[in-house]
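Peer 1: The following block contains the structure, expressed as structure tokens.
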Amino acid sequence: MTNRILCKYYASGACRKGDACPFSHDWNDPMSQVCKFYLLGSCGYGNRCRYNHTRPDRATVGSPSSPVGFRNIPVASRPSPQGTAAVSPASAAAASPPPPLASPGFCMRLPENFDDELGWGEVPEEPEVDVGYWAKQPLCSMAMKGFCARGATCPYLHGELCSSCGKWCLHPYRPEESAKHAQRCAEERAKKDKDEALRRSSADVECGICLEQALPAVCGAAGLEGSAGCLWSRGAGRLCRLAFELWARAWCMSCQTVMGKERKADRRFGILTACDHSFCLGCIRGWRAGATTNSAEEVTRSCPICRTRSHFIVPSTFWVSCADDKEALVQNYREKLAMIPCKHFNYGNGSCPFGGSCFYAHADSSGRPEEAQTLRHAATEDGVSVLQPVRLSSFLDGFDRATRLTHA
Amino acid sequence: MTTSRTRLFKEFKEVQRECKDSDLNLYPLDTNIFRWTAWLKGPEDTPFSKGRFELAISVPDAYPLVPPTVRFVTKVFHPNVHFKTGEICLDILKNAWSPAWTLQSVCRAVIALMSQAEPDSPLNCDAGNLLRAGDLRGYNSLARMYTLEYAQDSQKK
């Protein structure tokens with residue numbers, strides 16, 4: 001059902017189809033999770049594909065709108081959001097609003113008598129603005145990114161500047177959508193700032209195995225980003241961050257204070273659940289795998305420093321010192337893992353040695369979760385025998401049930 | 001390989017930075033960071049006092065996930081040190097190794113072992129039997145004799 005799937009162009013602020021778009025323009029709807037290779041006929045991942053292998057129902061797919069000839073392109077005037085040269089020829093505005101630009105394969109060719117139709121050159125007497133009509137019009141995607149070569153002659157609406165993300169993407173005639181966008185932007189910005197603060201605070205945490213700092217320290221350069229010295233302090237946050245990081249690393253290489261990991265993928269902590277000692281993910285994983293040492297599992301599963309045993313480690317891009325944050329991190333990690341299908345369980349075709357205590361999702365291909373296994377017993381002459389393969393977890397999880405069954 | 005090398009360089013820096021202890025001198029070979037030499041001073045109040053003992057440390061590629069191989073070059077009469085090969089019986093060098101140990105802390109552990117012998121898992125049966133039989137005087141005099149014989153300050157290169 002495409003009208004319940006968030007339009008990916010709308011999500012990036014550039015859907016030209018407006019209300020005629022067959023996809024949803026509601027932020028509450030999810031993005032499409034259907035595998036496009038599956039739709040084309042073959043997906044190399046098969047059952048293991050992380051995207052959905054379902055075909056969309058034909059009846060629910062929005063039928064394409066009526067074809068629109070290029071003569072009908074609403075190249076009519078557009079009121080400039082800046083308030084200058086708001087051209088609105090009476091002829092175009094008085095006529096019924098042109099059909100929306102919703103035809104697939106829509107061509108942006110302009111008619112030959114473009115200028116005549118528009119009546120450029122004539123100074124309009126009164127800029128009449130039909131709010132209902134303009135609210136349906138899409139924004140110019142060029143202007144949204146910062147520069148539209150056509151300027152005031154652009155047939156599309158030019159949005160207003162969003163102060164958080166720096167894009168000209170606020171629709172002047174859709175106030176509620178603009179408000180939503182601003183809210184999302186503010187939330188994202190706050191999240192980014194929080195992450196950045198966490199990253200900085202964990203920059204000098206050292207791994208107990210390789211004795212290096214997992215994250216690159218910024219050596220006095222902290223706090224520069226976003227200040228007057230920073231190019232593109234708003235808007236192109238990505239470029240800024242990258243340039244900043246390169247600069248900070250180069251700076252610190254010379255004074256030998258950064259011992260950040262070379263690869264970005266290595267700049268992660270492996271957080272032990274039972275104690276507060278810091279290790280980078282690669283080191284602690286290598287130690288716990290125990291492949292290179294003949295130490296007992298008792299030793300490798302415990303913290304190299306305090307020998308407290310942790311059952312699992314949590315990867316994290318920043319160091320958590322507060323117990324509440326750690327709790328939230330572990331919870332978040334387990335929730336994320338619970339979304340991933342267990343490869344041992346293999347949609348019900350395999351058997352997972354971890355049983356009910358597995359972190360990964362145990363569900364068959366239709367998404368139905370695995371039924372809780374109870375032990376089945378049968379009385380024999382020499383006592384009670386168990387009819388199913390036994391897992392330790394079934395004793396732990398379903399202990400009460402099992403005892404009840406035995407007594408029944 | 002790179003991990004172990006980086007870590008050894010860090011340890012080398014750390015060893016250099018710390019003020020030179022009189023009871024421990026640890027340095028790698030000039031040509032090979034994976035081979036180290038340590039000179040230990042025998043702890044006070046033990047038969048090994050006033051002796052200087054040489055340790056040869058060989059670091060495997062998988063370090064720090066596997067322990068380094070440490071042996072005495074100087075002959076030592078000690079229940080947990082093989083008299084001929086210099087092999088050391090110490091749990092942290094075997095199955096109780098943890099990557100949080102450094103070469104320096106390993107040397108400290110060896111010094112601690114010299115003052116706190118474990119006669120119940122002996123590599124040198126004579127020394128172990130003497131201690132287990134309670135002949136502390138015999139053990140002390142033998143150990144003292146070997147210290148004077150092999151581990152005198154003057155023999156330090």
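A Cβ is built for glycine as well, from the same backbone N, Cα and C atoms used for every other residue.
Automatic prediction, not curation, is the source of TrEMBL annotations.
Copied straight from TrEMBL:
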type: ZN_FING; residues: A:1-28; note: zinc finger
type: ZN_FING; residues: A:29-56; note: zinc finger
type: REGION; residues: A:71-98; note: region 'Disordered'
type: COMPBIAS; residues: A:85-95; note: compositional bias 'Low complexity'
type: ZN_FING; residues: A:134-161; note: zinc finger
type: DOMAIN; residues: A:252-307; note: domain 'RING-type'
type: ZN_FING; residues: A:336-365; note: zinc finger
Peer 1: Which of A:1-28, A:29-56, A:134-161 shares the most C-beta pairs under 8 angstroms with the zinc finger (A:336-365)?
Peer 2: A:29-56
Peer 1: Summarise the zinc finger (A:29-56) as counts of helix, strand and coil residues per DSSP.
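Peer 2: Going through the zinc finger (A:29-56) residue by residue, I get 8 helix, 2 strand, 18 coil.
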Peer 1: Which whole-number mean pLDDT does the model give the domain 'RING-type' (A:252-307)?
Peer 2: 69
Peer 1: Report the DSSP secondary-structure composition of the zinc finger (A:134-161) as helix, strand and coil residue counts.
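Peer 2: The composition, in the requested order, is 9 helix, 3 strand, 16 coil.
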